[in-house]
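To start, the structure itself, in structure tokens.
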Amino acid sequence: MLIVADENIPLLDSFFGDIGEIRRVNGRTLTPDQVKDADILLVRSVTRVDRQLLEGTRVRFVGTATIGTDHIDQTWLQEQGIGFAAAPGCNAVSVAEYVLSVLSLYAEKRGIEDWSSLTVGIVGVGNVGGELARMLERLDFTVKLCDPPRQEAEEERAEEFVPLAEALECDVVTLHTPLTRTGDHPTNRMIAGSELAALGQDQLLINAGRGEVIDGEALLARLQQADAPTVVLDVWEHEPRINPDLLDRVWLATPHIAGYSLEGKMQGTEMIYQALCRYLGLPVRKKAGQFLPEPALSKVSFTSSADEDEAVQVALRACYDPRRDDARLRLTMRGNPEERAQAFDRLRRDYPVRRECSSLKVQLKGSSKSIQDSFRAIGFKLKI
């Protein structure tokens with residue numbers, strides 16, 4: 001059995017080596033000729049999987065190690081009887097921790113002592129948005145949820161959701177929707193001229209969902225105005241050919257890596273491995289946890305005199321500080337458009353190991369229950 005797999009999916013040999021022969025490929029440039037004799041295709045979000053790629057091939061199962069599926073023509077796969085699986089929620093914790101780190105930096109930038117005084121509007125409350133909401137609420141943030149499809153589908157919970165206009169009134173607006181172009185609530189360019197005009201200079205806009213959810217040209221125009229909001233982008237229109245003018249205008253810019261924790265990537269591999277085993281009728285014998293290495297940083301300590309918010313934010317940034325990825329991206333965005341695109345992909349391919357907060361043991365000496373609860377809300381392991 002031949003498995004053609006994106007070379008950037010981790011632990012391919014560990015999970016799939018005893019199922020079939022593995023052929024590693026560049027997912028961005030994958031061609032029909034490279035998959036014509038494959039039985040299994042494993043991809044990430046950079047590969048468009050449709051009739052053009054797979055017609056006439058032997059492929060009978062497609063797995064994407066991502067939460068998003070807008071790069072997969074699921075209707076065509078179903079018509080052809082080709083099995084399919086994604087990895088919903090695999091990196092939800094990673095993205096939520098990314099947003100929390102951004103919030104900690106934003107509070108510092110604005111001189112806000114109590115970061116939980118910020119109101120946060122979450123647009124898109126699926127696996128990622130839901131995980132973020134749970135963390136924020138445990139940290140005593142005021143959170144407003146906007147998800148029209150869920151609001152309509154879940155009548156018993158309809159009152160928990162607010163319209164987009166109300167979410168846009170929050171101090172922080174963070175986007176976590178899938179990319180959809182049809183239906184009653186398409187998200188393609190959902191945030192455009194009028195929505196951006198509603199955001200002022202005392203607000204923060206974060207996009208760690210899909211680049212095309214924001215109209216890039218409208219955003220660039222808005223950022224050239226004196227009263228523009230502060231903007232953080234992890235995802236971009238037209239990746240990997242991102243707009244360098246937009247890059248220059250945003251506060252923090254990262255190369256689509258919010259979900260790139262080691263745990264998140266390994267869970268993505270594990271989920272498509274499990275789905276393939278079910279498809280083939282094989283027993284599931286492996287779990288991501290058995291392959292996790294010891295973290296480079298395993299412990300931090302705080303005394304009883306530590307300020308609660310400051311201690312939590314120090315530990316959070318010890319695990320992940322987005323300023324490092326921002327600096328790397330800006331340094332590589334030189335040269336012609338093709339060179340910049342290659343640099344963007346290279347940053348993602350060669351991304352350094354990043355661990356989630358659950359990998360870090362926090363020692364608290366003489367601490368209050370309040371600070372213990374705050375650390376637990378984010379997933380840290382406590383030693384009291």
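Cβ coordinates are placed from backbone N, Cα and C, and glycine is handled just like the others.
The substrate binding site annotation in Swiss-Prot covers Ser45, Thr66, Tyr260 and rests on sequence analysis. Residues or ranges marked as NAD(+) binding site in Swiss-Prot (evidence: sequence analysis): Asp147, Thr177, Asp234, Gly259. Under the heading active site, Swiss-Prot lists Arg210, Glu239. If you look up Swiss-Prot, you'll see His256 marked as active site, proton donor.
Shown here: features listed in Swiss-Prot, placed on the structure.
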residue: Ser45; record: substrate binding site; Cβ contacts under 8 Å, 6 or more apart: Thr64, Thr66, Gly68, His71
residue: Asp147; record: NAD(+) binding site; Cβ contacts under 8 Å, 6 or more apart: Val123, Gly124, Val125, Gly126, Gly129, Phe161, Thr177
residue: Arg210; record: active site; Cβ contacts under 8 Å, 6 or more apart: Gly68, Asp70, Leu175, Thr177, Pro178, Leu179, Thr187, Val235
residue: Asp234; record: NAD(+) binding site; Cβ contacts under 8 Å, 6 or more apart: Tyr98, Ile206, Asn207, Ala208, Thr254, Pro255, His256, Ile257, Ala258
residue: Glu239; record: active site; Cβ contacts under 8 Å, 6 or more apart: Gly211, His256, Phe344
residue: Gly259; record: NAD(+) binding site; Cβ contacts under 8 Å, 6 or more apart: Ile67, Cys90, Asn91, Ala92, Ser94, Val95, Tyr98, Val128, Ala208, Lys265
residue: Tyr260; record: substrate binding site; Cβ contacts under 8 Å, 6 or more apart: Asn91, Ser94, Arg348, Tyr351, Arg354
Cβ-centroid neighbourhood (8 Å) of the substrate site, Ser45, Thr66, Tyr260 excluded: Arg44, Ala65, Ile67, Gly68, Asn91, His256, Gly259, Gly268
Annotated NAD(+) contacts Asp147, Thr177, Asp234, Gly259, maximal Cα-Cα distance (Å, integer): 21
Three-state secondary structure, Thr177 (NAD(+) binding site) (per DSSP): coil
Cβ-Cβ neighbours of Thr177 (NAD(+) binding site) (radius 10 Å): 26
